[in-house]
Amino acid sequence: MSGVGPSAAGEDPTRFYRADIDGLRAIAVLAVVLFHLDPVKLTGGYAGVDIFFVISGFLIGGQIDAGLAAGRFSMASFYAKRIRRLYPALVVTVLITLAASVPLLFPTEVMRVGKAAVATMTYTSNFYFYQAADYFSEGDIRPLLHTWSLAVEEQFYLVFPVLLFALHRYAPRWKLPAVAGMVLVSLVYAGWLVEHDSDAAFFFSVTRFWEFGAGALLALARPRVLAPRVADGAAFAGLTAVGGSILLLSEVSPVPGPVALPLVLGSALVIHAGASSPIVAGRWLSLPPLVFVGRISYSLYLVHWPIVVLVRANYGPETPPLGLAAMFAGSLVAAWLLYRFVECPARRLSIARYRQQIFTFGAGSTALVAVLAVVLLSNGGLADKRERQSSRLIAYLDYDAQTRFRAGTCLINAEADKEDDAFDARHCVPPPVAGREQVLLIGDSYAAQYYQALHATFPRLQIAQVTATGCRPLLAAEGADRCVGLIRMGLKRLVRRRDFAAIILAGRWREEEVGRSCARFAI
């Protein structure tokens with residue numbers, strides 16, 4: 001393993017670089033990416049974010065505690081480091097996503113992406129997307145949905161450093177019990193909320209605090225390093241729990257409740273066992289391919305979801321294996337570019353020298369995204385004349401079939417036992433008006449769908465609508481009383497008494513019946 005962990009209890013467990021933790025990061029991000037590419041094959045892959053939360057709690061919690069113990073912890077420097085670490089890659093991803101959305105998405109979808117971009121930059125996207133839950137919906141176009149986890153993490157770090165600082169100064173002996181209490185309360189609340197409002201439990205930060213806290217407890221407790229043989233057994237047990245959770249959890253699992261305990265404890269066990277060197281599991285997790293993916297894991301997490309969403313928005317949700325492979329490879333390349341040319345240069349900036357500029361960058365980049373979002377919203381997602389047809393297609397999302405078919409009055413459905421129970425003859429078959437031709441529209445719901453189009457296209461016509469679900473317009477009509485009587489009335493009584501300019505027969509015709517049905521159309 002690269003880097004040697006502490007050899008005894010009491011030493012800071014986060015002082016040294018550990019390649020095995022990058023390997024664990026790789027498992028986490030690959031689980032998420034593969035889940036998003038094919039959720040059917042890896043139903044619990046979304047739990048990779050929970051692994052990230054444990055790792056984050058361990059590393060950041062340990063660094064805060066070590067800084068407090070050495071008397072060199074600064075709240076301002078801590079948040080400057082968070083901005084330096086997270087903002088550059090995030091800003092680039094959000095800006096490129098906004099730019100790509102304009103030509104690739106409908107205007108209304110672009111406007112929603114603009115709103116999500118502002119929520120992303122202010123780390124409130126978990127609340128924003130909670131309003132449009134659920135996470136597992138495949139129909140919505142939300143290329144920034146995955147940023148909910150970044151919001152949860154930063155909300156935790158608005159609270160946790162203050163808590164540790166207060167405990168260190170005023171009640172150092174209560175540090176571990178207080179953090180353990182926070183973990184317990186968060187876990188119990190998550191277990192309760194997931195049964196009452198699963199979307200809130202999924203997106204809210206309070207229900208995830210126990211996962212960060214589990215990692216932080218491991219760093220704060222500084223347990224003695226395990227003997228290599230024991231550590232190997234612990235690491236394999238932890239990896240089994242992690243792998244089993246990723247394979248067995250699904251979208252209906254009550255995460256982040258107690259069902260996530262094996263995953264969280266397994267992740268913590270792998271981290272603790274990895275402090276022993278050398279161990280077999282540590283060597284496996286330190287393999288160069290895993291370490292590489294682990295190092296670019298943040299960038300890979302950022303870029304993969306916009307790529308998946310925007311590609312599927314234009315080519316359809318059903319992606320062939322070659323397409324999945326292309327999206328995966330494209331995500332890796334984009335992640336490496338983002339890591340190499342954005343993440344790495346930003347990390348080299350000195351906090352002591354550039355702290356003020358870093359805060360200015362954070363505020364300025366947020367303001368820039370907000371301005372761009374306002375431009376998108378005020379200009380209708382940059383819609384133009386060429387997109388009028390697209391706007392009409394979008395309007396179909398609000399299509400009200402019940403109203404347009406005149407269901408319950410002129411289209412009799414299964415809720416009526418007989419046609420007289422619901423059919424409004426005076427409204428649906430109005431009396432003839434001098435100078436206006438009448439057309440009879442008769443049949444099942446397939447006929448009813450034409451009423452609105454006929455009415456809009458031929459406003460001078462009087463349209464008599466006689467329709468009932470499940471009954472085709474045949475003289476020998478078959479079916480429930482509600483439609484048989486209505487169809488017979490239309491074909492016999494109305495046709496004989498009225499001089500219709502045209503009669504439109506429409507229904508759900510069956511191919512095998514067409515031949516023998518032709519003989520039954522005579523009126």
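In case you wondered, yes, glycine gets a Cβ from its N, Cα and C as well.
From a predicted model like this one, the values you see are computed outputs, not experimental measurements.
Look at TrEMBL and you will find 19-340 tagged as domain 'Acyltransferase 3'. Note on the domain 'Acyltransferase 3' (19-340): its mean pLDDT in the predicted model is 94.
Here the domain 'SGNH' (423-510) has, by DSSP, the following mix of helix, strand and coil residues: 32 helix, 18 strand, 38 coil. Summarising the annotation, TrEMBL assigns domain 'SGNH' to 423-510.
TrEMBL lists 51-74 (among others) with the feature transmembrane segment.
Counting same-chain residues at least six beyond the ends of the transmembrane segment (86-106), those with a Cβ under 8 angstroms from any Cβ of the stretch are 113-114, 117, 120-121, 141, 143-144, 147, 150, 154, 298-299, 302-303, 306, 310, 313-314, 338-339, 342-343, 345-346, 361-362, 365, 368-369, 372-373, 376, 381-382, 387, 390-391, 393-394. If you look up TrEMBL, you'll see 86-106 (among others) marked as transmembrane segment.
The feature transmembrane segment is assigned by TrEMBL to 145-167 (among others). Sequence-remote contacts of a segment are chain residues at least 6 beyond its ends whose Cβ falls under 8 Å from one of its Cβ atoms, and for the transmembrane segment (145-167) they are 32, 36, 49, 52-53, 56-57, 60-61, 64-65, 68, 73, 75, 78, 82, 86, 90, 116, 119-120, 123-127, 129, 135, 174-175, 178-179, 182, 203-205, 208-209, 212, 216, 301-302, 305, 309.
Sequence-remote contacts of a segment are chain residues at least 6 beyond its ends whose Cβ falls under 8 Å from one of its Cβ atoms, and for the transmembrane segment (174-194) they are 163-164, 167-168, 200-202, 204, 206-210, 213-214, 216-217, 220-221, 254-258, 261. Marked as transmembrane segment by TrEMBL: 174-194 (among others).
The transmembrane segment annotation in TrEMBL covers 233-253 (among others).
Residues or ranges marked as transmembrane segment in TrEMBL: 259-280 (among others).
The transmembrane segment feature in TrEMBL is assigned to 292-315 (among others).
Look at TrEMBL and you will find 321-339 (among others) tagged as transmembrane segment.
The feature transmembrane segment is assigned by TrEMBL to 359-382 (among others).
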Positions on the same chain near the transmembrane segment (259-280), where near means CB under 8 A and six or more residues out: 1, 4-6, 13, 18, 20-21, 24, 47, 50-51, 53-55, 58, 187, 210-211, 214-215, 218, 223, 225-228, 230-232, 234-235, 237-242, 244-246, 249, 253
Outside the transmembrane segment (292-315), six or more residues from its ends: residues with CB under 8 Å to it: 19, 21-26, 28-30, 32-33, 36-37, 52, 86, 89-90, 93, 96-97, 100-101, 104-105, 109, 141-146, 323, 327, 330-332, 334-336, 338-339, 342-343
